[in-house]
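Undergrad: If you scroll down you'll find the structure; I have some questions about it.
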Amino acid sequence: MAMVQGKSLKYRVWATHIALWAFLSMIIFPLLMIVAISFREGNFATGSLIPDNPSLEHWKLALGFSVTNADGSVTPPPFPVLTWLWNSVKVAGITSILIVALSTTSAYAFARLRFKGKETILKAMMIFQMFPAVLALVALYALFDKLGQYIPFLGLNTHGGLIFSYLGGIALHVWTIKGYFETIDNSLEEAAALDGATPWQAFRLVLLPLSVPILAVVFILSFIGVVGEVPVASLLLSDVNSYTLAVGMQQYLYPQNYLWGDFAAAAVLSALPITIVFLLAQRWLVGGLTAGGVKG
């Protein structure tokens, strides 16, 4: 019996390993293909995983350098990719910081304070968050068109307006941080109050330091969401130099002009900010994700 169980366990371990490798292959293979396309000559979507004649022409164009062709002609960069990348980092960074600030203070109110209608407001926030932003595109355009007449830096074709529009999607983050706050014992804040701390001091000096993991998670999720967001950004931004990278990359794929190599190089560049932010905050990520869903 022991031998049978040992063989059965061995087969299950092998089956698990095979399934994991298959899953990893499904994730890694598209990434390798994108990298390979960015190093191929010409703008072709098909070809071998390892280019026959690797070329840096697409990367030079993406980084803003002109390329001299074999016939002596010069190809200038078709689009300001680095400007788009900076716009993405700027919008995503500011939006994520503001989302963390608003979500944290709102979650504290829902987790610690008692007021009439608290549960109703929480449920309403979650219900409204379930509707995709695409349903509100017409309303958003009309709203920011009107808002720009009174506050120009929050109107159409402004990064301020785009950031402001993203702040409406904090309901899920409020719920996540609220769940984390509820795992922290109230006695810590009560002890701080006995030592003479005001509610704001207890929140800032006691609760926030203990909440760094979940705040890092919210920042990362917000950053990733904004960097890859297209519908709202493409609606509110009309100037090419104001585009975020996710919106600008669509310029490479017009029906009469599929620049797959340039598109692939820009796609790899778009992953760099997300990767850097993730690496800087990864030590808090696992703990924040697991604790954020626990209610004490």
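Using the three backbone atoms N, Cα and C, a Cβ is placed for every residue, glycine included.
The feature domain 'ABC transmembrane type-1' is assigned by Swiss-Prot to 85-281. Annotation source Swiss-Prot lists topological domain 'Cytoplasmic' at 1-12, 112-123, 176-204, 281-296. Taken from Swiss-Prot, the feature topological domain 'Periplasmic' applies to 36-88, 144-152, 228-257, supported by sequence analysis. What Swiss-Prot records for 13-35, 89-111, 124-143, 153-175, 205-227, 258-280 is transmembrane segment.
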Undergrad: Checking distant contacts: for the topological domain 'Periplasmic' (144-152), what same-chain residues at least six beyond its ends satisfy Cβ-Cβ under 8 A?
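TA: Same-chain residues near the topological domain 'Periplasmic' (144-152) but 6 or more away: 158, 161, 164-165, 236.
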Undergrad: Any chance the transmembrane segment (153-175) and the transmembrane segment (258-280) have 3 or more Cβ pairs under 8 A, given the pairs are 6 or more apart in sequence?
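TA: Taking Cβ pairs at least 6 residues apart, the transmembrane segment (258-280) and the transmembrane segment (153-175) are not in contact, as fewer than 3 fall under 8 Å.
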Undergrad: What else in the chain is close to the transmembrane segment (13-35), if you only count residues 6 or more beyond its ends and a Cβ gap under 8 Å?
TA: 49, 264, 267-268
